[in-house]
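Copied over from TrEMBL:
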TRANSMEM  9-29  transmembrane segment
TRANSMEM  41-62  transmembrane segment
TRANSMEM  69-85  transmembrane segment
TRANSMEM  91-109  transmembrane segment
TRANSMEM  130-148  transmembrane segment
TRANSMEM  253-279  transmembrane segment
Amino acid sequence: MSLSIANKAFLKVSVFIEVSIVLAAFFGYEISQILQTPSVSHLILLAVSTLLWISFLCLHVYFVDEYQAVALSVGFQVFVIWLFLGNKFSLLTFVSVLVIAGFMASAIFRGKLVRENSLRIKFIKVASPVAATIMTGFAFFIAIYFVGTLNVRDLIIPKNVFEYTVKSVEKIASAQIPGFDIQAPFIDAVRSYVRVQAPEGVPESAIEKASQELIHNLELKTGAKINPSDRFVDALYGITLAKIVQLPDNYRVLGLAIIGLLLFLTIKSVAFLITWLAVLTGFGIYKFLIALNVISVKVEATNREIVIIN
């Protein structure tokens, strides 16, 4: 290979790695945004960024020849993710970053070994286990990092995450309790609940008295100070925190572990779809680059197919 061709190949590989780093930054940004302002739009953008990023990581198997270059690329990508994370210097943040780096590097290295020992390029067959391993690493990373953002001592749930979770069940509650609204004052929700439970024809004065008694009993049982005029979701958040603070330390740690496990299993439940979409996207990019003559497939003297960057 002439020097000019080698320089062109190096430039193309560099651009490829830079795009991967940008996608990693996109992924890290969406992770941080979901924790700050959880929404469906951020979840969709996180899924898209994950899909695109995994597709480029699969392409590392074919486009980045040197193992040292792969390690350097993975290192830079994990670093830019870390830059977007909160609690950067906490132990669990470091653990989550090391986990995702380990899964990424091991998956790509294993894919390269399989590729080097194969005579024919079978992109989907090689990329599928690579993508699946990386997706598992992502699931561990997100679960560990999210648990690390919680207060390990008091198991304090971020208020925005709590509100988003409560909002997701608002329709179910409103179907059982007419007039229920998490944004309305807490006393309104209590009155609506009491009306549903009370026999027909009960006067409003009795409804009001029962509502005040219910709030008083909640304060006694939970130790929380409830302001009836607060939004329902705010009052419920205060009640929840009051109950959590009363838990023994071992229960709080167990609660963190359960939250992490549930989050990991939730991500794994959609991992299959994202993994296959990423593999197919990577395969499409691979074929597109061949069509543009950016890369080509050659046959060595040993009859083994290799990818050449033109």
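Glycine is treated like the rest: Cβ placed from N, Cα and C.
Curation does not apply to TrEMBL; its annotations are automatic.
Across 69-85, 130-148, 253-279, the stretch most heavily in contact with the transmembrane segment (91-109), judged by Cβ pairs under 8 Å, is 130-148.
Scored on C-beta pairs under 8 angstroms, the neighbour of the transmembrane segment (69-85) with the top count among 9-29, 130-148, 253-279 is 9-29.
Beyond the ends of the transmembrane segment (9-29), by six or more residues, the same chain brings 1, 46, 49-50, 52-53, 56-57, 59-60, 63-64, 69, 73, 76-78, 80-85, 294, 309-310 to within a C-beta distance below 8 angstroms of the stretch.
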